[in-house]
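K.L.:
Can you read through this structure? Questions will come right after.
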Amino acid sequence: MSANNSPPSAQKSVFPATVSAVLPAPSPCSSPKTGLSARLSNGSFSAPSLTNSRGSVHTVSFLLQIGLTRESVTIEAQELSLSAVKDLVCSIVYQKFPECGFFGMYDKILLFRHDMNSENILQLITSADEIHEGDLVEVVLSALATVEDFQIRPHALYVHSYKAPTFCDYCGEMLWGLVRQGLKCEGCGLNYHKRCAFKIPNNCSGVRKRRLSNVSLPGPGLSVPRPLQPECVPLLSEESHTHQEPSKRIPSWSGRPIWMEKMVMCRVKVPHTFAVHSYGRPTICQYCKRLLKGLFRQGMQCKDCKFNCHKRCASKVPRDCLGEVTFNGEPCSVGTDADMPMDIDSSDVNSDGSRGLDDSEEPSPPEDKMFFLDPTDLDVERDEETVKTISPSTSNNIPLMRVVQSIKHTKRRSSTVVKEGWMVHYTSRDNLRKRHYWRLDSKCLTLFQNESGSKYYKEIPLSEILRVSSPQDFTSISQGSNPHCFEIITDTVVYFVGENNGSSSHNPVLAATGVGLDVAQSWEKAIRQALMPVTPQASVCTSPGQGKDHNLATSISVSNCQVQENVDISSVYQIFADEVLGSGQFGIVYGGKHRKTGRDVAIKVIDKMRFPTKQESQLRNEVAILQNLHHPGIVNLECMFETPERVFVVMEKLHGDMLEMILSSEKSRLPERITKFMVTQILVALRNLHFKNIVHCDLKPENVLLASAEPFPQVKLCDFGFARIIGEKSFRRSVVGTPAYLAPEVLRSKGYNRSLDMWSVGVIVYVSLSGTFPFNEDEDINDQIQNAAFMYPPNPWREISSEAIDLINNLLQVKMRKRYSVDKSLSHPWLQDYQTWLDLREFETRIGERYITHESDDARWEIHAYTHNLEYPKHFIMAPNPDDMEEDP
């Protein structure tokens, strides 16, 4: 055998045992286009199969040996070519050995035929004519394949819809939207923004495709198209293949260009230059993949490559900063738009063309809205792999969920201990100094009998502490005792804490027992910070030399149109930092408690530093509207506090929201009876708003709060950050609200009026009764509304009355002039129901206030009950609400 036909010594097995990279097998665009894979994909070729049958006149059967695995294949004789066999090899590797594939494998594999009669058993195949029936063909990797080839592994991306909050694995920012939020790699399962797809490194691990090499493949399983080179295939269109199963989607090969990949690998790896950074959007640490939590300065960001991580993770990040890598003349670094300030524009116009008075436009893109996620929300399943196909009997609409714009946060299971240790104290009632093991958390100060037991002597809720002051009252001290170090003042008793032994030097032994000025001062500082965990303490700045700092912490309380200066919110309310109730347009809502009365409240904390100075008036929009609203169906505003950095809006605290009630129901939807009861209350509250020319603009189940956990609860509207003052014949054009509940005129940037809220009511009725959103984003809203088969599929709409569907149809009218008003909706037969009226009257009697029904209807319903032999209760309260009579039109 000649040297040319012998396998070179440098050749190596195509599947070494130590290969760890997992990679698909793309090949260059210059490879033959008549390969086997194309024919396999359209069915004109029989797929290779494991068979023992003998070849016929029209087929050639032979064995392919790849490493330690043999595959029996059959190919049509007229289609047998060297390129076809190589295509077949690539397909087998792609499915059975993804960890051994690499970029451009097609051009770097050699085929050898086993010839047992030759001294050199392996004979290099240079033509398909050398392959005969029953031959054993060995696949060998060429010496031209380098380590670099194995390191370049492109991702196979397809458009994907996520059912849970998901973050981009490249830049760390959230994937926004309701559907088709980003791209998922079919090989490794990582998720990316579309804008990041051209920047990601070609490092697919292929873990989702990895298959045991000793498992035989079925015949049809090998009919996989050979993908083109990354430079030759554009990204998959968002409009196509979105709702196909992953196995049926055609992946798009994307990532950095190969020339850039080679350039990056040759660069010298340098350490990152980290600096503390504040993020305006939810971002995860790119090292530990956990959320960067907080209001500001949440983490560290590399100044050069924009890598994001926790402060604790910065020291663990590899020294692999790429610097300012450019692509098409633009930086490839991540997070460039996360640093941009929120751009707020003003473009409201009334019907007469005049400018709106306090109507600066909200940030137009929904992505600019700030919100924070609780880590427990990220533990759920990140996505689903399949989507139900459209059929007349099942709905293809999006299941009802808490949209990303208004994530529902849950309270943590346990408070974090802020400080613990031994401390001494006596009180204004008992001057005997006692020693206990103090433990301070975010809600209370507990005095334990010892450091390990669960028995405690006293528990002091932080909400009962009126203030912490320096030592002033020494009248209660026993004779001969050392003075105390600071005082904790509550409504009923004063705690004199610490013992000043007069020593100027630190004594560790005494400090461990709670004696000494330094240990007491550390406790004083910790308690002051715990009293107001979300803002600097005004009470800390007490010395005359700190006048400037004191002014910075001065607050103003606005309550019942009265202005009180130098009022610190921490002296009136206790804010629980670990009890996050939710997030609104401009801030986060925390649970809180009034110190003197113990009343539970909800406190929205707004960070003014995130917005331009000229837009500060917009931050007060919600407060300005709520101050003039006094209605049982609208959340009550107690007061507002303001510092130069923050605004604190104090409101009544309610039990939960309507969305939570819907999702927790047995079928994830509400019965008609309860829906009627709640929708009537919503419409009555809207009637009060519209009478005052106020349009909510962001009505959705998340903003309908429940006062209790009863089956028929009182509901109240909240979150007026988007609300607008719109006259009866006026229009606005500013971008407002949540897209899933918005009317078409807002989504199309056309003028809208108060009928905007009525469209939202229609969506609320729909999602309450069905548990799904009414529209699929893939189709035009007009077409979907006119197609009753898809708008109201039998499951579940066969169980729902035709009157409910009729009301929904009259509310979901694309033309605003045809859309029902509040009064027309309340007069609709679906809501004019005797049982609904009884439920509402029972509720009004229970709370002792009549504001939903009207006394003029009593006679009509009494006649109705008499006519139909129904019971008419006599215990209902009869007096209407005087305020309701004055305000209603």
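Heads up, the Cβ atoms here are built off N, Cα and C, so glycines get one too.
Swiss-Prot feature annotations, pasted as is:
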type     : residues                                                                       : note
ACT_SITE : Asp698                                                                         : active site, proton acceptor
BINDING  : Leu581, Gly582, Ser583, Gly584, Gln585, Phe586, Gly587, Ile588, Val589, Lys604 : ATP binding site
MOD_RES  : Ser27                                                                          : phosphoserine
MOD_RES  : Ser37                                                                          : phosphoserine
MOD_RES  : Ser41                                                                          : phosphoserine
MOD_RES  : Ser44                                                                          : phosphoserine
MOD_RES  : Ser213                                                                         : phosphoserine
MOD_RES  : Ser346                                                                         : phosphoserine
MOD_RES  : Ser391                                                                         : phosphoserine
MOD_RES  : Ser395                                                                         : phosphoserine
MOD_RES  : Ser442                                                                         : phosphoserine
MOD_RES  : Ser539                                                                         : phosphoserine
MOD_RES  : Ser730                                                                         : phosphoserine
MOD_RES  : Ser734                                                                         : phosphoserine
ZN_FING  : 154-204                                                                        : zinc finger
ZN_FING  : 271-321                                                                        : zinc finger
K.L.:
What Cα-Cα separation, expressed in whole Å, is found between Ser442 (phosphoserine) and Ser583 (ATP binding site)?
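P.N.:
That comes out at 20 Å between the alpha carbons.
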K.L.:
Write down the Cα-Cα distance for the residue listed as 'active site, proton acceptor' and Val589 (ATP binding site), rounded and given in Å.
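P.N.:
Cα to Cα, Val589 (ATP binding site) and the residue listed as 'active site, proton acceptor' are separated by 17 Å.
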K.L.:
Work out, from DSSP, the number of helix, strand and coil residues along the zinc finger (271-321).
P.N.:
3 helix, 14 strand, 34 coil
K.L.:
When you rank Leu581, Ser583, Gly587 by Cα distance to Asp698 (active site, proton acceptor), which of the binding-site residues ends up on top as the closest?
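P.N.:
Closest by Cα: Ser583.
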K.L.:
Please give me the CB contact count at 10 A for the residue listed as 'active site, proton acceptor', counting all chains in the structure.
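P.N.:
Cβ-Cβ neighbours of the residue listed as 'active site, proton acceptor' within 10 Å number 27.
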K.L.:
Among all protein chains shown, how many Cβ atoms are found within 10 Å of the Cβ of Ser442 (phosphoserine), not counting that one?
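P.N.:
Ser442 (phosphoserine) is surrounded by 19 other Cβ atoms within 10 Å.
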K.L.:
Looking only at DSSP and grouping its letters into three states, which state does Ser442 (phosphoserine) belong to?
P.N.:
coil
K.L.:
Would you count the other CB atoms within 10 A of the CB of Val589 (ATP binding site), including those on all shown protein chains?
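P.N.:
The Cβ of Val589 (ATP binding site) has 21 Cβ neighbours within 10 Å.
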K.L.:
Any idea what DSSP makes of Asp698 (active site, proton acceptor), helix, strand or coil?
P.N.:
coil
K.L.:
Give the number of CB atoms, excluding that of Ser583 (ATP binding site) itself, located within 10 Å of its CB.
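P.N.:
Looking across every protein chain shown, the total is 21.
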K.L.:
Can you tell me how many other Cβ atoms are located within 10 Å of the Cβ belonging to Gly587 (ATP binding site)?
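P.N.:
Summing over all protein chains shown, Gly587 (ATP binding site) has 24 other Cβ atoms within 10 Å.
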K.L.:
Among all the protein chains here, how many other CB atoms are within 10 A of the CB of Leu581 (ATP binding site)?
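P.N.:
Other Cβ atoms found within 10 Å: 23.
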